[in-house]
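> Okay, here's the structure, questions in a sec.
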Amino acid sequence: MSNQHMLLLFNLLPVGSNISTWWNFGSMLLTCLALQTMTGFFLAIHYTANINLAFSSIVHITRDVPYGWMMQNLHAIGASMFFICIYIHIARGLYYGSFLNKNVWLSGTTLLIILMATAFFGYVLPWGQMSFWAATVITNLLTAVPYIGTELTNWLWGGFSINDPTLTRFFALHFILPFTIISMSSIHIMLLHTEGSSNPLGTNSDIDKIPFHPYHSHKDMLMLTIMMTALFIIMSFMPNIFNDPENFSKANPLVTPQHIKPEWYFLFAYGILRSIPNKLGGTVALVLSVTILMTMPFTHTSHFRSMTFRPLMQFMFWTLVATFITITWAATKPVEPPFTTIGQATAILYFTFFIMNPLLGWLENKISITNM
């Protein structure tokens, strides 16, 4: 589309008329990013990146700073909203074959990895018990890297244990990475607009397009309003619903929490990590749990783009959704039967989806050719 920039200027960007509510999550993610950047800035003004003062500075923000409690809660709950939206956004991409737009999909997966790193660094900053021990467990995984693992870990820590230099660099990274996310998001959107969105049918939208404004812009506003309403209801009535009780105690390296676990949005990866009773194997599986998404454009064998007309693949997709929820739940439980068995079974099921994707595509092609 040669005159696309002129159309964008006049807000007449042509969009497929049949894209559903599942296509609204991109704009919701953009809103989450703006919200996190703003609240994060106001929190950073009052935060102190020192192991003796970090916990107290969070208490100071929530108690003494005007509207500090609101900034802190919005930032914490906003992170959960961000991940809810991004997981739905990815699920939409998997279901409707958006991954066939390779550049958009690969830039999106890179964005997810940067976002997860940013959220992890942010979780360490309050320097509560769970912050400290989650950081200890996750950064320790670097020691599983052959030959250079220990050196890598000490380099990341800035010493021989998690200490003040670790917190300082995690704060610096947590501050700088969102700007990388903003840059990558711009690239992601630019790449999307070179080819345009897919649609529920998985067909070419060129024959039936409508202006983005007012049609899709109003649809986006509805979902944004629902999301912001949900955010403020949670903030007002149950602000600590996503928090871990352990994190209300200051970090103590001498006392280990009974059950170390990260934030809920990392639990699926954490569940896969601990389902393998080997440090290196678990670390590889943890990395693969996210990076395996990058294989999707290269393993698609079906003649159909979308899963709308692929019942076998639909079954696999909804199994993946159930598996994701089950791993998340199992990872909150102690490392004992039956939770270990459930974790191992669901970890196998999770990767089965990506293995079955090319096989089922090939099988469906065979069936459709036979029936013609």
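Here the Cβ of each residue, glycine as well, is placed from N, Cα and C on the backbone.
For reference, Swiss-Prot lists these features for the protein:
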TRANSMEM  25-45  transmembrane segment
TRANSMEM  69-90  transmembrane segment
BINDING   HIS75, HIS174  heme b b562 binding site
BINDING   HIS89, HIS188  heme b b566 binding site
TRANSMEM  105-125  transmembrane segment
TRANSMEM  170-190  transmembrane segment
BINDING   HIS193  ubiquinone binding site
TRANSMEM  218-238  transmembrane segment
TRANSMEM  280-300  transmembrane segment
TRANSMEM  312-332  transmembrane segment
TRANSMEM  339-358  transmembrane segment
> What's the CA-CA gap between the residue listed as 'ubiquinone binding site' and HIS89 (heme b b566 binding site) in angstrom, rounded?
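With the alpha carbons as reference points, the distance is 17 Å.
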> For each of HIS174, HIS193, count the other CB atoms within 10 A of its CB; which of these binding-site residues has the top count?
HIS174
> For the transmembrane segment (218-238), could you work out the same-chain residues 6 or more beyond its ends whose Cβ comes under 8 Å from its Cβ atoms?
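Distant Cβ neighbours of the transmembrane segment (218-238) are 21, 24-25, 27-28, 31, 70, 73-74, 77-78, 81, 85.
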> Where HIS75 (heme b b562 binding site) and HIS89 (heme b b566 binding site) are concerned, what is their Cα separation in Å, rounded?
20
> Apart from its near flanks, which chain residues at least 6 from the ends of the transmembrane segment (170-190) lie with a Cβ under 8 angstroms of it?
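For the transmembrane segment (170-190), the far contacts come to 26, 29-30, 33, 36-37, 40, 44, 47, 49, 104, 107-108, 110-111, 114-115, 117-118, 121-122, 124-125, 135.
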> Quick one: pull the CA-CA distance for HIS89 (heme b b566 binding site) versus HIS174 (heme b b562 binding site), whole Å only.
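Pair distance, Cα basis, whole Å: 23 Å.
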> Short question: which residues 6 or more past the ends of the transmembrane segment (312-332) have a Cβ under 8 Å from it?
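Distal contacts: 87, 91, 94-95, 261, 264, 267-268, 270-272, 274, 302, 339, 342-343, 346-347, 349-350, 352-353, 356-357, 360-361, 363-364.
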> In the same chain, which residue numbers or ranges, 6 or more beyond the ends of the transmembrane segment (280-300), come under 8 angstroms Cβ to Cβ?
90, 94, 97, 99-100, 102, 105-106, 109, 112-113, 116, 141, 144-146, 268-270, 272-274, 347, 350-351, 354, 357-358, 361
